[in-house]
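According to TrEMBL, the features are:
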type: BINDING; residues: G46, E47, S48, R105, I133, R134; note: L-glutamine binding site
type: ACT_SITE; residues: C78; note: active site, nucleophile
type: ACT_SITE; residues: H169; note: active site, charge relay system
type: ACT_SITE; residues: E171; note: active site, charge relay system
Amino acid sequence: MKIGVLALQGAFREHIQMLKQLNVETKEIRNKEDLEDIQGIILPGGESTAMGKLLVDLNIKDKLKNMIENGLPVLGTCAGMILLANKLSNDTTSHLALMDILVKRNAYGRQLGSFTTYENFKGIEDLVKMVFIRAPYIEKVGDNVDILATVNNNIVAARTNNILVISFHPELTEDTKVHKYFLEMCKASSLN
Ligand code: GLN
């Protein structure tokens, strides 16, 4: 199994490092051709406006969108969640627009918005370490979206079928549980 990591901007190296630690083959996605032959993809944290623009400029957006619509498992962390949201509450843009969630960018404030907490995550047994950095959260979900984690009543993790989004950064911790959860999604889907 080979997992792609969008490597245009942001915290992609840390995701690759974590996947390597879990003995998973990785592929840096920098252009449209790189999207061949992957069984899942991670859209990392970073700056969603910059990443969204690069997806268009490098001609990756349409093919990526099509592959996810056709079932490619995707994990969007932080800015990656923003890229996948249908609608942003405090921004007029949308990017890949693949998930029925309303997301607020920089929801905890721009400067003082970084913190760490341990919370429950549906489908994972132990508490998950959650590191937030100028993070978004989900204000509203559609009927087909499963809420997986909340922090102070704000939704910070959710899933619809092959799309998993989280507000926080597991790749910046030693906690591999969310990556393992995502890899299970990829394994299950490549058996189909
Ligand atoms: N604030 C960033 C954005 O809006 C996301 C922050 C992150 O990915 N750590 O794009």
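Yeah, the Cβs are placed from backbone N, Cα and C, and that goes for glycine too.
Positions of the features from TrEMBL, shown on the structure.
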residue	record	Cβ contacts under 8 Å, 6 or more apart
G46	L-glutamine binding site	Q9, G10, A11, F12, C78, A79
E47	L-glutamine binding site	Q9, G10, A79
S48	L-glutamine binding site	A79, I82, L83, H95, R105
I133	L-glutamine binding site	G45, C78, G113, S114, H169, L172
E171	active site, charge relay system	A11, E14, H15, Q17, M18, P44, G45, T77, H179
Fewest-neighbour residue among recorded positions, criterion Cβ within 10 Å, set R105, R134, H169: R134
In three-state DSSP terms, the structure that S48 (L-glutamine binding site) belongs to: helix
Cβ atoms near C78 (active site, nucleophile) (within 10 Å, other residues, all chains): 29
Output field, L-glutamine shell: CB within 8 Å of site CB centroid, site G46, E47, S48, R105, I133, R134 dropped: G10, G45, C78, A79, I82, N106, A135, P136
E171 (active site, charge relay system): secondary structure state under DSSP, collapsed to three categories: helix
